[in-house]
Amino acid sequence: MSFVIAVPDAVTAAVSDLANIGSVLTTANAAAALPTTTVVAAAGDEISAAVAALFGSYAQGYQSLSAQAAAFHERFLQTLSGGAGAYAAAEAANASPLDQLMGVVNAPAQALLGRPLIGNGANGADGTGAAGGDGGILLGNGGNGGSGAAGQVGGTGGAAGLFGNGGTGGTGGEGAAGGLGGRGGLLLGNGGAGGVGGVGATGLAGGTGGAAGFLGNGGTGGAGGASNMGGDGGMGGTGGTGGFFGNGGFGGDGGDGAVGGAGGAGSFLGGGGVGGTGGVGAAGGMGGAGPLIGNGGNGGMGGAGAAGGDGGAGGTLLGDGGSGGQGGAAMTGILGGLPGQGGNGGNANWFGSGGAGGQGGTGLAGTDGTNPTPGATAGTGSAGADQSNNGNVTGDNGNPGDAGTGDEIGGTGGAGGLGESTDGNSGTGGMGGGGGTAGPNGGNGGEGGMGGEGRTDGSSGGTATGGDGGAGADGGTGGGDGGAGGDGGFGNNTISGAAIGGNGGIGGAGSTLQGATGGNGDTGGAGGNGGRGGMFIGNGGAGGAGGTGGTGGTGAAGYAGGIGGDGGAAFSDAAAATGGDGAVGGVGGLGGNGGTGGAGGAGGTGGAAGFIGIGGNGGAGGIGGVGGIGGIGGAGGDGGIGGAATTTSGTTTGGIGANGVLGGDGGTGGDGGAGGTTGGSGGAGGVIGWAGSTGATGAGGTGGQGGQGGAGGSGGNGGTAQTGGTGGAGGDLALGGQGGAGGAAGGTGGDTGLDGLLGVPGSNGQTGEIVP
């Protein structure tokens, strides 16, 4: 006899889809009928007429078949639609009798025992902490516990009947623990998960997972609650006990600062549950113990900086110990910034092998190199005095900026004074003062002062020349960027003579002190010890591998060169005017070296064997950390822009933009960390057997990549004039830093790091704009 399962709604939807398809085909056939059934002959001869008649007969045959197919499609839709209606009617007719039948079946059990024979238990109401209802005596899942109000424990999950899963425990209210998971079915079913712990000043523990029935796994413990006041979170709940044939439940994860829950134990045949992961700074949960026959559960992973959980013991008669959990990676500010040790492997009892130790956590990465931050700016140099008189006149030069002390930036140079000839002779502006010396403890060089205005009045036709800008000072001996050069002064001729703008001042070079070196990575955590083999027959567990060393920090960038000063503008009322040339910028400094990678951690000791067996091998030393990346070379200063030139009559020539300069070389990549030099000792062999081998030393870390060369300075744009000034060329490529050396031979030296990339060339300056 065949059994058919149908969903009336799905059948009805299919009828609608098929109807739409039929409509589309009917429309297409109707559109094609006229042009295909009445084919016009290509010519008036008999052959053309016969060909047209032949194709027309084909089209008429197709239309006849299409009409038959459309009729069949319509009858099929009617039959399918009728079937959907019949199914729906049958369901409606059977619903009430089935409900009545279930009511009759469940009524005696409900009256005598307060629970139905078949059916799921009701869920507890949220906010009340009410327990979930028990499932049906024969078949049914337990209901979920309700969440608790403030201070109220979450409700316990309902128990299943003979077949079914236990209900999940309710979430604890504020300041209260999570509810217990419900018991699984007596014959078949898994325990329910424990409820999540409530929040509080200290988070509350998660609920214990429910126990399984005869066949089934224990429920997972609930996660620990979080703290709402910056305290520790709650401990993870313990996993539920496994059934006669089944595994223990997983432990719940701990909240921050709290340990993970222990894995549930097996009962007769099955494995212990896996421990929960520890919260930040707290150990992972211990694996559950094996039953009479079965393996212990694996330990949970440690939270940041904390040890991994120990593996559970093997079965009382037969079974291997569980593996230790991995130690948590180091985190700044947690447990002294040290990595966690791997958990120890679980011991076997009579027959079985010990569990392997867990791997140590990764060491803390080195901090990136940081250059000193400049402080305040020293005083500005006094400006040069203005000079105005008959004859050739030159303004006084500006005074240098004040020297910086400590981490101060050198002062800006004073502006050059006005040089004005009132009777038409040459007037020349004073030079800008040089930038003040940088403070020795990381100060930037001072900026150069602006050149003074050169002005010519009267009728003699002398030349007006702007003063040159002052040079920027170099970065300090203890680090610092170069100062910008001062701009050239204005050449202003109000009569018939020529005018020339002052040239810009040269930018200061970045400090010759190399950028700060990246910090070294820390050592990886130690591996856990292997578990003991079975007392009669069994091998010892292998020691855990040491943790990987931390990555070295990135070197700081080199100090940048100062920007070159722009050329001064020029104006002549009735003669040639030439803008001042821009000045070159300062050269960039050398990038900092990357930090050395941390050493690999020590391997764990192998476990001892039983009466008959081989000792566990010692754990391998950890891999050395990767060396840090070298710092980027300091950027070369951009070239100054050429000065603009204007005149009412006569030729004008824009100033030449300065070439960009070379950026600094990139820093050397950090050396790879040394491989762990301490492999774990091998475990003792049994009376009949031999000892395990000592663990290998770890591989050296990979050397860090060399830093990228500093960007070359951009060339300055040419000045605007009838003849535009030439743009400066971009700065050259700077060399990338060398790759770091491979790690020292704790084991095999690591690979050499990649060389740094070439610096980006500076862009070429644009030719000055032509002004009519």
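Cβ coordinates are placed from backbone N, Cα and C, and glycine is handled just like the others.
These come from TrEMBL:
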| type | residues | note |
| --- | --- | --- |
| DOMAIN | 4-94 | domain 'PE' |
| COMPBIAS | 346-366 | compositional bias 'Gly residues' |
| REGION | 346-485 | region 'Disordered' |
| COMPBIAS | 367-386 | compositional bias 'Low complexity' |
| COMPBIAS | 387-397 | compositional bias 'Polar residues' |
| COMPBIAS | 401-419 | compositional bias 'Gly residues' |
| COMPBIAS | 426-485 | compositional bias 'Gly residues' |
| COMPBIAS | 696-753 | compositional bias 'Gly residues' |
| REGION | 696-772 | region 'Disordered' |
| COMPBIAS | 763-772 | compositional bias 'Polar residues' |
Residues of the compositional bias 'Gly residues' (346-366) by DSSP state, where helix covers H, G and I: 0 helix, 1 strand, 20 coil
Residues of the compositional bias 'Gly residues' (401-419) by DSSP state, where helix covers H, G and I: 0 helix, 2 strand, 17 coil
Integer mean pLDDT for the domain 'PE' (4-94): 75
Distant-in-sequence neighbours of the compositional bias 'Gly residues' (346-366), which means Cβ under 8 A and at least six residues beyond its ends: 287, 289, 295-296, 298-299, 302, 305, 308, 310-332, 337-340, 518-553, 595-596, 598-599, 601-602, 604-605, 607-608, 610, 613, 616, 619, 622, 625, 628, 670, 680, 683
Three-state composition of the domain 'PE' (4-94), taking helix and strand from DSSP: 79 helix, 0 strand, 12 coil
